[in-house]
Amino acid sequence: MSQTNSHGEAAGTAKPIGLLIAAVGVVYGDIGTSPLYTLKEVFQGGYGVEVTHDAILGVLSLIFWSLIWVVSFKYMAFVLRADNQGEGGIMALMALARRASAKHPKLQMMMVVFGLFGAALFYGDSMITPAVSVLSAMEGLELAFDGLDHWIVPMALIVLVGLFLIQRHGTARIGVLFGPVMVTWFLVLGALGVYGIMQSPEVLKAVNPAWGVNFFIIHPGIGVAILGAVVLALTGAEALYADMGHFGRKPISRAWFILVLPALLLNYFGQGALVLGNPETVRNPFYLLAPGWALLPLIGLSTMATIIASQAVISGAFSMTLQAIQLGYIPRMHIQHTSSDAQGQIYIGAVNWALMAGVILLVIGFESSGALASAYGVAVTGTMLCTTILVSTVMLMLWKWPPLLAVPLLICLLLVDGLFFAANVPKIFQGGAFPVLAGAVLFILMTTWKRGKQLLAERIDEGGLPLPIFISSIRVQPPHRVQGTAVFLTARSDAVPHALLHNMLHNQVLHEQVVLLTVVYEDSPRVPAAQRVEVESYGEGFYRVILHFGFIDEPDVPAALALCDLPELDFSPMRTTYFLSRETVIPSKMDGMARWREALFAFMLKNANGNLRFFKLPFNRVIELGTQVEM
């Protein structure tokens with residue numbers, strides 16, 4: 001998911017079949033590996049469902065119609081249309097919903113809350129997906145070799161740690177294999193499913209939704225609860241939307257209906273047919289569906305598929321972190337570009353090591369894919385519900401859909417998502433607390449950072465000197481001017497930056513050209529070069545420059561300044577000096593945030609990556625001035 005620009009460019013030039021194969025490799029890894037554990041979890045997950053004819057057909061019917069309603073209908077028909085200038089993902093959707101609700105501040109705040117909580121849960125999902133996927137693939141070895149039970153966890157850890165260790169080197173070289181491997185995976189899923197269905201074609205009756213309704217009637221006490229296991233078939237549905245900016249809506253939709261959906265349904269029905277004929281196979285219906293001679297090759301293919309699924313989720317966490325940083329919800333971090341050809345391939349070390357630590361703890365703590373499955377559904381359904389709420393706002397307030405048409409539809413979508421989420425709430429006390437706690441911690445961090453930055457800006461602005469008054473004083477009492485251009489980064493456009501005042505106080509000089517630079521991040525993913533720069537001259541050698549970036553643009557300030565069209569402004573490297581202000585926060589009893597949040601914000605600010613690296617400023621042309629601010 002980190003290959004934003006490369007895929008975005010490919011979307012316009014690649015042949016449809018090549019783009020479809022690439023989409024299968026990146027988008028469908030997570031949902032494509034769900035057959036490894038979904039049906040097993042339904043009957044072995046402690047829900048009390050007996051392996052009977054009616055129960056098997058009922059569960060298959062629920063899986064079938066869940067995939068049709070949630071993925072084929074909700075995501076394909078509606079969510080994928082809610083693109084933010086071609087970009088998808090919950091952060092892009094939150095920016096879109098925030099724009100749609102701009103005239104309603106309270107509603108806008110709610111959209112931000114849902115967007116941030118959905119994003120926070122996605123990070124929890126980014127830890128669970130690699131753990132449960134690789135564990136479920138490795139568990140096939142228990143069937144192939146006796147006495148390997150105790151080696152499953154160590155082998156899974158070796159694979160997962162290796163996966164995280166190679167992230168800094170990028171995946172461009174091996175990434176070309178993802179598509180062909182996943183296409184092979186889905187073809188094998190379909191073939192195994194057909195093989196199983198041929199043994200007991202009766203399972204095809206489950207296409208009739210009456211079997212699903214009948215399941216609820218027969219199992220009134222666990223009917224809704226079983227949706228907590230059925231939802232495992234939908235894990236990865238959010239990736240369809242998140243990766244839309246990489247491939248476009250049409251290739252993702254075509255891949256789903258042509259290959260992925262048929263393969264998944266055939267495999268689930270094949271597993272159901274196997275269990276229908278031999279209830280003992282419910283202990284691992286996916287692997288037992290394969291002929292004995294095919295078991296080891298299938299384990300190898302499963303391991304590759306789960307690694308690809310894990311890679312997509314890890315890359316997705318990098319991409320979403322970049323969006324969140326540029327929207328102002330996460331402190332700036334060092335971002336490493338892992339490919340000279342594809343600008344969008346990135347690596348963020350802090351995120352990588354945090355995810356690796358979380359994955360290791362999950363594998364050691366839960367030890368099996370079955371135990372981990374209980375933690376999985378909470379993150380998935382929570383993110384899906386947040387997405388539906390955000391899309392609802394976009395449909396009603398941005399697209400202006402007629403309420404008579406939109407409201408009943410949205411009620412149905414929210415009802416289904418609400419049922420899935422409610423079914424997973426009890427799991428919070430059975431292992432599902434991990435993604436909720438991780439999400440809550442990340443939500444607190446993001447909201448603390450955003451609020452802290454707002455308060456910091458307010459404190460700095462207090463008593464600030466208005467720019468017109470400062471320039472007037474320069475005219476009356478001109479200071480000594482030195483050659484070159486001084487660029488002062490500032491968040492405000494109407495006041496004198498503290499760094500400029502400090503420079504005047506200590507050095508008693510001004511440069512010939514003084515540029516007050518403000519960087520603005522828009523709610524759109526990209527800003528065209530023609531709209532990148534705003535320039536205004538104040539006279540006396542003072543200029544106001546505003547640079548506009550999208551939330552996936554690379555903020556290269558020197559390159560953007562080169563786009564200025566005023567001939568008198570000279571930004572040549574050896575004549576330009578950048579002045580930065582570095583604030584140190586001192587928590588106090590002043591109004592604002594709770595003391596513990598102020599202390600947390602101060603810690604985050606101290607450890608955040610500075611403007612120098614983030615804006616790609618030349619190291620030897622930067623002067624940083626510190627200031628202390630009470631909050």
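Easy rule for this one: first residue shown is 1, then count along the chain.
Glycine is treated like the rest: Cβ placed from N, Cα and C.
Here the transmembrane segment (17-37) has Cβ contacts under 8 Å with residues 1, 3, 7, 10-11, 71, 129, 132-133, 136-137, 175, 177-183, 185-186, 189, 232-237, 239-240, 243, 246-248, 251-252, 254-256, 258-260, 263-264, 267-268, 271, 286, 302, 305-306, 308-313, 369-370, 373 of the same chain, all six or more residues outside its ends. Annotated transmembrane segment per Swiss-Prot: 17-37 (among others), in sequence order, evidence recorded as sequence analysis.
The transmembrane segment annotation in Swiss-Prot covers 56-76 (among others) and rests on sequence analysis.
Annotated transmembrane segment per Swiss-Prot: 109-129 (among others), in sequence order.
Per Swiss-Prot, the feature transmembrane segment maps to 147-167 (among others).
Positions annotated as transmembrane segment by Swiss-Prot, on the basis of sequence analysis: 174-194 (among others).
With a threshold of 8 Å between CB atoms, the same-chain residues lying at least 6 positions outside the transmembrane segment (215-235) that come near it are 30-31, 34-35, 37-38, 41-42, 45, 47-49, 54-55, 58-59, 61-63, 66-67, 70-71, 125, 129, 264, 268, 373, 376-377, 380-381, 384, 419-420, 422-424, 426-427. According to Swiss-Prot, the feature transmembrane segment maps to 215-235 (among others).
The transmembrane segment annotation in Swiss-Prot covers 256-276 (among others) and is backed by sequence analysis.
The transmembrane segment annotation in Swiss-Prot covers 288-308 (among others) and rests on sequence analysis.
The transmembrane segment annotation in Swiss-Prot covers 346-366 (among others).
Sequence annotations record features per position, and here Swiss-Prot assigns transmembrane segment to 378-398 (among others).
Per Swiss-Prot, transmembrane segment is recorded for 403-423 (among others), and the stated evidence type is sequence analysis.
Annotation comment: Swiss-Prot describes 428-448 (among others) as transmembrane segment, evidence class sequence analysis.
In this chain, the transmembrane segment (256-276) lies in contact with the transmembrane segment (56-76); the count of Cβ pairs under 8 Å, excluding pairs fewer than 6 apart in sequence, is at least 3. 174-194 is the stretch from 109-129, 174-194, 346-366, 378-398 with the greatest number of Cβ pairs below 8 Å to the transmembrane segment (288-308). Highest Cβ pair count under 8 Å relative to the transmembrane segment (428-448), across stretches 109-129, 147-167, 174-194, 346-366, 378-398: 109-129.
Outside the transmembrane segment (346-366) by six or more residues, the chain places 2, 123, 126-128, 130-131, 135, 153, 156-157, 160-161, 164, 167-168, 170, 314, 317-319, 321-322, 333-338, 372, 375, 431, 434, 438 with a CB less than 8 A from a CB of the stretch.
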